[in-house]
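Quick notes on the structure that follows.
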Amino acid sequence: MPGQRWRRAPGAGSAPAGGVPRMTPLPRDTRDTWLLLGLIGWTVMPHLWRQPLWLAVLCVGVLLWRGWLAARQAPLPRRWVLLALLLLLGVLTWQSQRTLVSRDAGVLLLVSLMALKTLEMRAQRDAMLLFFLGFFVVLTNFLYSQSLALAAAMALAVWGWLTVLTLAHMPAGRPTLASAAGLALRATAWGTPVMLALFLLFPRLAPLWSVPGDGAVTGLSDSMQPGDVAELALDDSVALRLRFEGRPPPAASLYLRGPVLVRQDGRRWRTAPGLGESSRSSTVSTEGPGLGYEITIEPGRTRSLPLLELTPNAPAGLPPELSNELRQEPGLQWSLNVPTSARLRLQARAWPQGRLSGDLGRGERRVLLSLAPGAHPRMRAWAQSLLDTSPSLQQAGPLAWAQTVLRHVREQPFRYTLSPGPYEGDVVDEFWFDRRAGFCEHYASAFVVAMRALGVPARIVTGYQGSDPQPVDGYLVVRQSNAHAWAEIWVEGQGWLRVDPTAAVAPERIERGRALPAPTGLVAGTLDTVSPGLSLVLRQWAEALDNRWNQWVLGYGRQEQYRLLEDLGFETPDMATLGRALAVLMALAATAGAVWVWLDRRRRTPWQRLQAWLIQELDRLDVVADDTMSPAAMARQLQQRHGASAAPLVAQLDALQAWRYAPAVAGTPQPRASWRDWQRRLRQARRAVALPDASSR
């Protein structure tokens, strides 16, 4: 029997002649209980990885205890034991969450109470409560993640809960797990078209509330100090994905613009909201052909939208609740007034050959030339010495001064490293003159300080640079490890020019981007050691599959619904059109369901066919029977009419009664004969009964 557990039969200490001990199946109650316990463990498993350790210990311990009780056919614990466990659960939840009214506290209580409920599962109504509680716990997993892997795991969980629900409603006896699972799968298949219709056409409404995204990944910030970008660069998670209308640009020119930092206190750089709004010093001149692209920004509690550089116009595709929150800062970075943890899929157009030009106001120039009082004395003196020792350089202007600073970086023993160690005191001076080891934020900070000391307005731009080498599904993957910081200087008559000092010491960082770090985990790490190429390919395909899930399922919104209706022939779809299309589909589904029910009623099950054959044969034997009678009732009628001559057929009818309606009894295996076998056996027994003559009718 599929899914059946076996144990030694009581008293079966001796082996039969073949040498194999006699085995009997577990009672149905024990088998079904073990199935339910395993299903509960599978459903709550994702929660056990993210919740406190005590939850895993409690759930696993309770489920193992309940399984042991089922195997031993032992009584369930007394009520005072359950009350003590319930009190312990409340204390542990309060100690770990400091509240009982929150998302995490609610999930803790729900998962724990479902495990404890198995210890008082005495009647079918207790099992039914567990079934529907299981469906609810399946949904709670999506409060933390909506990944494809979790969705697949929870789809199996739903199938399992439908299976145990079906098993609980099957007739007495010992139905196989395969038959229950098949019925559950069949019901799911019939409901799938309705689910798809609702998913595709049910109007997407703005949420009345949102779940806090306290588990989201932190991305770019409105401030920066040494170590911030390096910390992001150690994060291998996906930050965003890009897909271009034409050929993707080379990695060296792929800069995604985030917060622009202009103010500093000697160590930390910050944005300056509102600076330059009156002068509009960052105006894009749209020269050359535009480059259309689609960007999918992964969830992160951030306001910044890291679009490609030189994207002057607002992107399309923002959710309705965020459409009025978009703004463009004077530094030409796009951001939201409120942070969001939603996945955003936007369409925009950049101008790679354009320039950031405009007018630099007096107040803006003053801020872009300012340095913290008393900070960076050695850098100031070094910058001044460049001009004092070379009158020709003094007359050359900002571009020549920038090249001189970059030449110094290339000629001196600077090193590019993610682990330069802690910096004490003045970070810029220590980095430039003593340590000469750092990450991109060290080089960008030192370069901007040097240019300001030379009298050139300069600022730091943070964002992402480069991507994974090869797109797998047409999307370029940009990771948090591609986080980068570079500089911009103001040149009269040309506007803002990008200067990336990191390229002077580590050009491979700009040309190829950062290499993917080795994957973590036992299986992934072993595979990467044995076959790095295969590990990389599998990883890229897994991420590409996850991206398709995000694009087609999680990212399916109102705009996608309208596009679907346009493809179906609707010229100007709106919410009313969605409602009409959904109503038509639901009416068609109801009609198809009614037709199926009508056809299904005309079909007869194997038992109904055998019963009809028996009624026909008994009628030929002058025995009145109908479809409301059991095989045993038919046997009594037959015995009264024909006496001992009908004994073989009576015996077969009694055996059929036992096979069809026998209760689940431990240690009593059920016959495995098919309905066709039963009809053959009954036909053979029927031949022994003589037909009544006409006079007796």
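Cβ coordinates come from backbone N, Cα and C, glycine included.
Predicted, not measured: the structure shown is a model, and the values here were computed from it.
Features reported for this protein in TrEMBL:
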REGION    1-25  region 'Disordered'
COMPBIAS  9-22  compositional bias 'Low complexity'
TRANSMEM  52-69  transmembrane segment
TRANSMEM  76-94  transmembrane segment
TRANSMEM  128-144  transmembrane segment
TRANSMEM  150-168  transmembrane segment
TRANSMEM  180-202  transmembrane segment
REGION    271-292  region 'Disordered'
DOMAIN    432-503  domain 'Transglutaminase-like'
TRANSMEM  581-599  transmembrane segment
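Residues 33-34, 37, 40-41, 44, 75-76, 85, 89, 92, 96, 108, 111-112, 115-116, 118-119, 121 of the same chain lie 6+ residues outside the transmembrane segment (52-69) yet bring a C-beta within less than 8 angstroms of a C-beta in it. The domain 'Transglutaminase-like' (432-503): residue composition by secondary structure is 23 helix, 28 strand, 21 coil, according to DSSP. Within the chain, the transmembrane segment (581-599) has long-range Cβ neighbours (under 8 A, six or more residues past its boundaries) at 190, 193-194, 197-198, 201-203, 565, 568, 570. Residues belonging to the domain 'Transglutaminase-like' (432-503) score a mean pLDDT of 90 in the model. For the transmembrane segment (76-94), same-chain residues at least 6 beyond its ends with a Cβ under 8 Å from one of its own Cβ atoms are 52, 54, 58, 62, 69, 100, 105, 108-109, 112-113, 116, 119-122.
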